[in-house]
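What follows is a single structure, written as C-alpha coordinates, with notes after it.
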Amino acid sequence: MVIAISGMIGAGKSTLSKNLHWIMKNSLLLEEFEEDNDVFNTFLKWLYEKKKNIDIGFQAYILESLSSNFQKGMKEFENLGFTSEKDYIFLDRFNLEHYIFAVVTLSKKRKKYLEAFDKMFHEIIDEKENPDLAIFLDISYETFEERILQRGRKSEIDNYEINKEYFKELHSLYKDLFINLAKRYGIAYEIINCNNKDDLTVTAEAIKIIKNFEESKK
(Lines of atoms letter the chains of each structure in order from A; the text may use other names.)
(Lines give C-alpha, C1' and ligand atoms only; values in the text may rest on other atoms or scores of the structure.)
Protein backbone atom coordinates (compact mmCIF):
# COMPACT_ATOMS: atom_id res chain seq x y z
CA MET A 1 0.00 0.00 0.00
CA VAL A 2 1.29 3.43 -0.93
CA ILE A 3 0.56 6.05 1.73
CA ALA A 4 1.39 9.73 1.23
CA ILE A 5 1.94 12.11 4.11
CA SER A 6 0.76 15.46 2.79
CA GLY A 7 0.46 19.06 3.83
CA MET A 8 1.86 22.55 3.99
CA ILE A 9 5.54 23.30 4.54
CA GLY A 10 6.32 22.71 8.22
CA ALA A 11 3.28 20.51 8.85
CA GLY A 12 5.41 17.64 10.16
CA LYS A 13 5.39 15.37 7.11
CA SER A 14 8.99 14.19 7.40
CA THR A 15 8.66 13.51 11.12
CA LEU A 16 5.47 11.50 10.72
CA SER A 17 6.65 9.53 7.69
CA LYS A 18 9.88 8.61 9.51
CA ASN A 19 7.93 7.60 12.63
CA LEU A 20 5.58 5.39 10.62
CA HIS A 21 8.51 3.81 8.77
CA TRP A 22 10.24 3.11 12.10
CA ILE A 23 7.11 1.58 13.67
CA MET A 24 6.02 -0.41 10.62
CA LYS A 25 9.11 -2.47 9.83
CA ASN A 26 7.55 -3.89 6.67
CA SER A 27 7.80 -0.54 4.93
CA LEU A 28 9.91 1.64 2.68
CA LEU A 29 10.22 5.41 3.06
CA LEU A 30 10.59 7.61 -0.02
CA GLU A 31 11.56 11.13 0.99
CA GLU A 32 10.64 14.00 -1.30
CA PHE A 33 14.27 15.07 -1.79
CA GLU A 34 17.54 14.29 -0.08
CA GLU A 35 18.85 17.17 2.01
CA ASP A 36 22.03 17.25 -0.09
CA ASN A 37 20.22 17.45 -3.46
CA ASP A 38 22.13 20.38 -4.95
CA VAL A 39 19.75 20.96 -7.87
CA PHE A 40 16.65 21.11 -5.67
CA ASN A 41 18.36 23.25 -3.03
CA THR A 42 19.61 25.69 -5.67
CA PHE A 43 16.17 26.01 -7.26
CA LEU A 44 14.60 26.48 -3.82
CA LYS A 45 17.14 29.15 -2.91
CA TRP A 46 16.42 30.97 -6.18
CA LEU A 47 12.68 30.71 -5.57
CA TYR A 48 12.96 32.26 -2.12
CA GLU A 49 15.32 34.92 -3.46
CA LYS A 50 12.67 35.68 -6.13
CA LYS A 51 14.90 34.98 -9.11
CA LYS A 52 13.00 35.51 -12.35
CA ASN A 53 11.88 32.89 -14.87
CA ILE A 54 12.56 29.74 -12.86
CA ASP A 55 9.03 28.73 -11.80
CA ILE A 56 8.03 26.34 -14.59
CA GLY A 57 11.56 24.92 -14.83
CA PHE A 58 11.58 24.22 -11.08
CA GLN A 59 8.21 22.50 -11.10
CA ALA A 60 9.07 20.43 -14.18
CA TYR A 61 12.30 19.29 -12.51
CA ILE A 62 10.39 18.32 -9.37
CA LEU A 63 7.79 16.28 -11.26
CA GLU A 64 10.38 14.39 -13.30
CA SER A 65 12.57 13.80 -10.26
CA LEU A 66 9.68 12.55 -8.11
CA SER A 67 8.54 10.19 -10.87
CA SER A 68 12.05 8.79 -11.26
CA ASN A 69 12.43 8.35 -7.49
CA PHE A 70 9.06 6.62 -7.25
CA GLN A 71 9.96 4.13 -9.97
CA LYS A 72 13.29 3.38 -8.30
CA GLY A 73 11.50 3.03 -4.96
CA MET A 74 9.02 0.53 -6.39
CA LYS A 75 11.87 -1.62 -7.67
CA GLU A 76 13.56 -1.50 -4.27
CA PHE A 77 10.22 -2.33 -2.62
CA GLU A 78 9.87 -5.44 -4.80
CA ASN A 79 13.53 -6.42 -4.33
CA LEU A 80 12.97 -6.41 -0.56
CA GLY A 81 10.22 -8.96 -1.08
CA PHE A 82 7.48 -6.53 -0.09
CA THR A 83 4.02 -6.63 -1.66
CA SER A 84 1.36 -3.93 -1.97
CA GLU A 85 -1.19 -6.18 -0.24
CA LYS A 86 0.58 -6.41 3.13
CA ASP A 87 3.47 -3.93 3.14
CA TYR A 88 3.82 -0.16 2.93
CA ILE A 89 5.53 2.60 1.00
CA PHE A 90 5.43 5.96 2.77
CA LEU A 91 5.77 9.10 0.65
CA ASP A 92 6.91 12.38 2.18
CA ARG A 93 4.54 14.48 0.00
CA PHE A 94 3.57 13.24 -3.49
CA ASN A 95 3.53 14.49 -7.06
CA LEU A 96 0.06 16.10 -7.20
CA GLU A 97 0.87 18.48 -4.36
CA HIS A 98 3.34 20.35 -6.52
CA TYR A 99 0.46 21.61 -8.62
CA ILE A 100 -0.48 23.68 -5.55
CA PHE A 101 2.95 25.31 -5.41
CA ALA A 102 2.78 26.06 -9.13
CA VAL A 103 -0.63 27.73 -8.79
CA VAL A 104 0.82 30.13 -6.23
CA THR A 105 4.17 30.83 -7.89
CA LEU A 106 2.63 31.31 -11.35
CA SER A 107 -0.32 33.40 -10.16
CA LYS A 108 1.72 36.59 -10.53
CA LYS A 109 2.53 35.87 -14.16
CA ARG A 110 0.31 36.25 -17.20
CA LYS A 111 -2.60 33.81 -17.29
CA LYS A 112 -1.15 31.81 -20.18
CA TYR A 113 1.71 30.53 -18.00
CA LEU A 114 -0.56 28.79 -15.52
CA GLU A 115 -2.79 27.53 -18.33
CA ALA A 116 0.25 26.02 -20.06
CA PHE A 117 1.52 24.46 -16.85
CA ASP A 118 -1.93 23.08 -16.07
CA LYS A 119 -2.03 21.27 -19.43
CA MET A 120 1.52 19.97 -19.04
CA PHE A 121 0.96 18.86 -15.45
CA HIS A 122 -2.18 16.82 -16.00
CA GLU A 123 -0.69 15.33 -19.18
CA ILE A 124 2.54 14.06 -17.63
CA ILE A 125 1.22 12.97 -14.24
CA ASP A 126 1.26 9.16 -14.05
CA GLU A 127 -1.76 8.07 -12.02
CA LYS A 128 -0.02 4.77 -11.19
CA GLU A 129 2.28 6.86 -8.97
CA ASN A 130 -0.61 8.26 -6.92
CA PRO A 131 -1.00 6.91 -3.38
CA ASP A 132 -3.73 4.55 -2.22
CA LEU A 133 -4.24 6.82 0.80
CA ALA A 134 -3.12 10.35 1.61
CA ILE A 135 -2.95 11.64 5.19
CA PHE A 136 -3.14 15.43 5.19
CA LEU A 137 -1.54 17.24 8.13
CA ASP A 138 -3.50 20.42 8.74
CA ILE A 139 -1.88 23.33 10.58
CA SER A 140 -2.76 26.97 11.16
CA TYR A 141 -0.60 29.72 9.72
CA GLU A 142 0.58 30.53 13.23
CA THR A 143 1.76 26.94 13.70
CA PHE A 144 3.48 27.04 10.31
CA GLU A 145 5.29 30.26 11.19
CA GLU A 146 6.41 28.94 14.55
CA ARG A 147 7.75 25.71 13.06
CA ILE A 148 9.45 27.28 10.05
CA LEU A 149 11.40 29.60 12.32
CA GLN A 150 12.22 26.85 14.80
CA ARG A 151 13.66 24.40 12.27
CA GLY A 152 16.04 27.06 11.01
CA ARG A 153 16.65 26.16 7.36
CA LYS A 154 18.89 28.92 6.06
CA SER A 155 17.09 29.57 2.75
CA GLU A 156 13.75 29.84 4.59
CA ILE A 157 15.00 31.98 7.47
CA ASP A 158 17.14 34.37 5.41
CA ASN A 159 14.28 35.08 3.01
CA TYR A 160 11.31 34.71 5.32
CA GLU A 161 10.16 38.34 5.40
CA ILE A 162 10.24 38.84 1.62
CA ASN A 163 8.28 35.58 1.18
CA LYS A 164 5.71 36.16 3.91
CA GLU A 165 2.90 36.95 1.47
CA TYR A 166 3.84 33.91 -0.63
CA PHE A 167 3.65 31.66 2.43
CA LYS A 168 0.32 33.17 3.48
CA GLU A 169 -1.18 32.62 0.04
CA LEU A 170 0.20 29.09 -0.14
CA HIS A 171 -1.27 28.27 3.26
CA SER A 172 -4.66 29.78 2.41
CA LEU A 173 -4.96 27.68 -0.78
CA TYR A 174 -3.17 24.46 0.13
CA LYS A 175 -5.90 22.47 1.86
CA ASP A 176 -8.73 23.25 -0.56
CA LEU A 177 -6.57 22.62 -3.63
CA PHE A 178 -5.31 19.36 -2.10
CA ILE A 179 -8.88 18.17 -1.54
CA ASN A 180 -9.86 19.13 -5.10
CA LEU A 181 -6.89 17.23 -6.55
CA ALA A 182 -7.56 14.17 -4.39
CA LYS A 183 -11.17 14.09 -5.56
CA ARG A 184 -10.23 14.67 -9.20
CA TYR A 185 -7.83 11.72 -9.16
CA GLY A 186 -9.90 9.48 -6.88
CA ILE A 187 -7.40 9.39 -4.02
CA ALA A 188 -8.70 8.44 -0.58
CA TYR A 189 -7.61 10.96 2.05
CA GLU A 190 -7.96 11.75 5.73
CA ILE A 191 -7.12 14.97 7.57
CA ILE A 192 -5.37 15.28 10.93
CA ASN A 193 -5.56 18.59 12.77
CA CYS A 194 -1.98 18.92 14.04
CA ASN A 195 -2.30 22.18 15.95
CA ASN A 196 -1.23 21.86 19.59
CA LYS A 197 -0.41 18.15 19.22
CA ASP A 198 2.90 16.43 19.81
CA ASP A 199 4.50 13.99 17.37
CA LEU A 200 3.38 10.90 19.29
CA THR A 201 -0.26 11.97 19.23
CA VAL A 202 -0.17 12.66 15.49
CA THR A 203 1.58 9.35 14.85
CA ALA A 204 -1.04 7.45 16.85
CA GLU A 205 -3.83 9.14 14.89
CA ALA A 206 -2.14 8.28 11.60
CA ILE A 207 -1.76 4.62 12.54
CA LYS A 208 -5.45 4.47 13.44
CA ILE A 209 -6.35 6.00 10.07
CA ILE A 210 -4.21 3.44 8.23
CA LYS A 211 -5.70 0.50 10.14
CA ASN A 212 -9.25 1.75 9.55
CA PHE A 213 -8.50 2.19 5.85
CA GLU A 214 -7.16 -1.35 5.63
CA GLU A 215 -10.25 -2.71 7.37
CA SER A 216 -12.49 -0.85 4.94
CA LYS A 217 -10.78 -2.63 2.04
CA LYS A 218 -11.37 -6.16 3.38
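Heads up, the Cβ atoms here are built off N, Cα and C, so glycines get one too.
For reference, TrEMBL has these:
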type	residues	note
DOMAIN	3-196	domain 'Deoxynucleoside kinase'
BINDING	GLY7, MET8, ILE9, GLY10, ALA11, GLY12, LYS13, SER14, THR15, ARG147, ILE148, LEU149, GLN150, ARG151	ATP binding site
ACT_SITE	ASP92	active site, proton acceptor
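Overlay of TrEMBL annotations on the structure.
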| residue | record | Cβ within 10 Å |
| --- | --- | --- |
| GLY7 | ATP binding site | 25 |
| ILE9 | ATP binding site | 18 |
| ALA11 | ATP binding site | 24 |
| LYS13 | ATP binding site | 24 |
| THR15 | ATP binding site | 15 |
| ASP92 | active site, proton acceptor | 19 |
| ILE148 | ATP binding site | 18 |
| GLN150 | ATP binding site | 8 |
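In this structure the residues listed as binding ATP are GLY7, MET8, ILE9, GLY10, ALA11, GLY12, LYS13, SER14, THR15, ARG147, ILE148, LEU149, GLN150, ARG151; their two most distant Cα atoms lie 18 Å apart.
The two recorded residues LYS13 (ATP binding site) and the residue listed as 'active site, proton acceptor' have their Cα atoms spaced 6 Å from each other. Between the alpha carbons (Cα) of ILE148 (ATP binding site) and ASP92 (active site, proton acceptor) lies a span of roughly 17 Å. In this structure, the C-alpha atom of ASP92 (active site, proton acceptor) lies 9 angstrom from that of THR15 (ATP binding site).
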